[in-house]
Amino acid sequence: MSSLYTRSKEFTRNRKSQSDSPPASPSPTAKTFRHERLSRLESGGSNPTTSDPYSDRASARARREAREARLASLTSRVEEDSNRDYRKLYESALSENQKLKTKLQEAQLELADIKSKLEKMAQQKQEKTSDRSSMLELEKRERRALERKMSEMEEEMKVLTELKSDNQRLKDENGALIRVISKLSK
């Protein structure tokens, strides 16, 4: 009986360490090894007091089924916890994505606003440069017109000075003629 107890304890320890990993479908070789271990447990653990091999097998089967039920409940709990973790991760990732999307939209709006401001400034600068160029052309035209007027006025001044000198000469001649005539009439 003590050998059965130690073997079954080792078997449960092995099963618990295997339950940490997710359950997978056992391969055919694993099935045969399990069957051999069970048969060794059943054969090695025969109780000298009980003579019924069916009752030993039934109790071993009942223990095995109870153990499998416990393992199944543990794996379902692990799966539920992992599902919850995945849900939490998914929800946190989703909320982070939403935050990033709103930041991206805000940045795009800000970028569009800045682009429109830059376009307005470029238009204003272009208008100013066109205004400046038109003002420069206008100023150049006015300057040329003023220079022409100045040159015309300088020419007129020359003509006026010539006319004044001619006028003065003619006055002097007229005065001389008047004196000659007055001397002759006396």
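Positions of Cβ are set from backbone N, Cα and C atoms, glycine also.
Unlike curated entries, TrEMBL annotations are predicted automatically.
What TrEMBL annotates here:
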- 1-85: region 'Disordered' (REGION)
- 44-53: compositional bias 'Polar residues' (COMPBIAS)
- 54-70: compositional bias 'Basic and acidic residues' (COMPBIAS)
- 85-186: domain 'cGMP-dependent protein kinase interacting' (DOMAIN)
Using DSSP three-state counts, the residues of the domain 'cGMP-dependent protein kinase interacting' (85-186) come to 100 helix, 0 strand, 2 coil
Determine the mean pLDDT over the domain 'cGMP-dependent protein kinase interacting' (85-186), rounding to the nearest whole number. 91
Helix, strand, coil residue numbers for the compositional bias 'Basic and acidic residues' (54-70) per DSSP? 17 helix, 0 strand, 0 coil
